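J.: Dumping the structure here so I can ask a few things about it.
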Amino acid sequence: MDSQSSNTKIKLGALVLMIFSSIFGFSNSLTAFYQMGYASIIWYIVTAVLFFLPSALMFAEYGASFKAARGGIFSWLRGSIGEKPAFIGTFIWLAAWVIWLVSSTQFFLVSVSTMISGHDQTQTWHLFDLSANQTLGILEIVFLCIVTLIASQGIDKIAKISSFCGIFTLGISIIFILASLLVWILGHGQLAEPMTATSLIHSPNTAFVSPIAVISFIVYALFAYGGLETMAGVIDSVDQPERTFPCAMIIAMFLMTFIYIAVIFLCGVCTNWQAVLSGKKVDLANVEYVLINNMGLVTAQKLGLSHAVGVMLGKAFARFTALTDVLGGLGAAFVMTYSPIKSFIEGCDPRLLPKKLTAMNKYQMPSFAMWIQVIIVSVIILFVSFGGNAAGRFYTILTDMMNVSSSAPYLFLVGAFPFFKMKKNLERPFVFYKNMTVTWIVSMIVWLVLAVGIIFTCIEPILEHDYATAFWTAIGPLAFGVVAWIYYSWAEHKHVLDDKPAAESNND
């Protein structure tokens, strides 16, 4: 995309907003408060220090050095540990994101329903004589086709839409923080949920007091920070990427960490856990709206307004939150329909794939590959929507396989980082890790934290005697990895890669 003029390139602010719309989850903080109360703060700090901060700085270094590479994390891995492990690692990552597209389209429609009616009414939707699930399946495919059609018209369309969505994703956090601070000031520093030494360690939720439950929450907090690597797919469209990309990574890293922790604390300004969240009607599906609605009621009360006004304010906050969920899902959909498939297509050796699959349209987008992706996702959606109980079990299996597959490639990226640092022929515009001993120590710590999180995700169902889920969760990355290994080995056996390609597919 060298021919792009600088005014069509992605600037720093737009890239930060793209990161927020794609991977930041405002509801993660509210869910954390529901599950662990103030005790979640320490675990969000620990996981940020042990994983998010060091890995974001690693990705910043990768991105600055491979600033011209069009293959995203594929190029990062290939330039560090070679083509074959890069092919396998990126294929596992791509497979997980393809499955994610299946589930995310459904979540998007649920958010639309909540925004319109105040709660999820998707099970009442019907087209013609189709059931609710079949109707949702058709609507999911239509949504995905519209997103892909627009996204295939150029990276500028993706950047504009995801940046716009990112404003709202960041905006709901700012509104929540400001409203909570207002309540705190008007209440003369009084917290609805008292903060004590005990509350910073022990959860008020009886479901999260056992060691296993606490560990499961730590893993949840760990993966709440995941997804930064997906931005690698747009780095060749970034203005002055050697400076802009590292800056965006660092800004997003600190902003996300601060907002997650601040929102968890500020939940306690308006909400007493036992009074508001301990009831049977509160669950993971609606806790976000319960907390937001309660914030509206308390804000009105502190301002001396009537209860009726408080109810209206609570509903307004809840509707705006639903809108941000819709826009967050929209922004993520635009980035994820493009970035993972683009990284894989443009990163690997072009001789490994059919020429049609690697072809670019007039907007320099891998439109054919993107539409093949739509077909694959649509077939899965149709099978799940129209296939009955057996199809439902198949979808559960796919979801279980995705759980670890989406995070397993981090092991490749973090594990490859010391080898990336040892490369002598790379230009390094941004360097944070200046000492190889520190690099090895940090890489090993982050790698072990990830490995423990992944292993626990696999064995947790066994502890609950859900052996089928445990099997498919563990087999996911292995199955996708074996498929990639077999395909690459077949290409080697057929001597597909023996001759040097006429032209390199990208610049590392």
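One-based numbering along the chain as shown.
Cβ atoms here come from the backbone N, Cα and C positions, even for glycine.
Just lifted these from TrEMBL, have a look:
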- 12-35: transmembrane segment (TRANSMEM)
- 41-64: transmembrane segment (TRANSMEM)
- 85-110: transmembrane segment (TRANSMEM)
- 130-152: transmembrane segment (TRANSMEM)
- 164-187: transmembrane segment (TRANSMEM)
- 207-228: transmembrane segment (TRANSMEM)
- 249-275: transmembrane segment (TRANSMEM)
- 316-336: transmembrane segment (TRANSMEM)
- 368-388: transmembrane segment (TRANSMEM)
- 394-420: transmembrane segment (TRANSMEM)
- 440-463: transmembrane segment (TRANSMEM)
- 469-490: transmembrane segment (TRANSMEM)
J.: Which sequence positions outside the transmembrane segment (394-420), separated from its termini by at least 6 residues, show Cβ-Cβ distances below 8 Å to it?
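T.: Counting only partners 6 or more residues beyond its ends, the transmembrane segment (394-420) has Cβ contacts under 8 Å with 55, 58-59, 61-62, 65, 73, 76-77, 79-81, 85-86, 89-90, 92-93, 95-97, 99-100, 102-103, 223, 226, 229, 380, 383-384, 387, 426, 436, 439-440, 443, 446-447, 450-451, 453-454, 457-458, 469, 472-477, 479-480.
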J.: Who are the chain neighbours of the transmembrane segment (249-275) in space, where the CB to CB distance is under 8 Å and they lie at least 6 residues beyond its ends?
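T.: Beyond its ends, the transmembrane segment (249-275) has Cβ neighbours at 12, 16, 19-20, 24, 26, 28-30, 32-33, 37-38, 40-41, 44-45, 48, 52-53, 56-57, 59-60, 63, 170, 173, 176-177, 180-181, 183-184, 187, 191-193, 195, 204-205, 224-225, 228, 231, 291, 294-295, 298-299.
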J.: Can you tell me which parts of the same chain pack against the transmembrane segment (469-490), counting only residues 6+ beyond its ends and a CB-CB cutoff under 8 A?
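T.: 84, 87-88, 91-92, 95-96, 352, 396-397, 400-405, 408, 457-462.
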J.: The transmembrane segment (130-152) and the transmembrane segment (316-336): do they have three or more Cβ pairs under 8 Å, with pairs 6 or more apart in sequence?
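T.: Taking Cβ pairs at least 6 residues apart, the transmembrane segment (130-152) and the transmembrane segment (316-336) are in contact, with 3 or more under 8 Å.
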J.: Same chain, outside the transmembrane segment (85-110) by at least 6, Cβ under 8 Å from its Cβ: which residues?
T.: 73-74, 77-78, 120, 122, 136, 139-141, 143-144, 229-230, 326, 329-330, 332-333, 336-337, 340-341, 343-344, 347-348, 352, 373, 376-377, 380-381, 384, 395, 398-399, 401-402, 405-406, 408-409, 412-413, 416, 476-477, 480-481, 483-485, 488
J.: Cβ under 8 Å to the transmembrane segment (12-35), counting only same-chain residues 6 or more beyond its ends: which ones?
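T.: Sequence-distant neighbours of the transmembrane segment (12-35): 44, 159-160, 162-167, 169-170, 172-173, 176, 203, 205, 207-208, 217, 220-221, 224, 226-228, 230-231, 234, 238-239, 244-245, 247-249, 251-252, 255-256, 259-261, 263-264, 267-268, 271, 273, 277, 282, 284, 287-288, 291-292, 321, 324-325, 327-328, 330-332, 335-336.
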J.: What stretch in 164-187, 207-228, 368-388 has the biggest tally of Cβ pairs under 8 Å against the transmembrane segment (440-463)?
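T.: Most Cβ pairs under 8 Å with the transmembrane segment (440-463) come from 207-228.
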J.: Which residues of the same chain, at least 6 past either end of the transmembrane segment (207-228), have a Cβ under 8 Å from a Cβ in it?
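T.: Sequence-distant neighbours of the transmembrane segment (207-228): 19, 22-23, 25, 28, 32, 35-36, 40, 43-44, 46-48, 51-52, 55-56, 59, 249, 252-253, 256-257, 260, 406-407, 410, 449-450, 453, 456-457, 460, 463.
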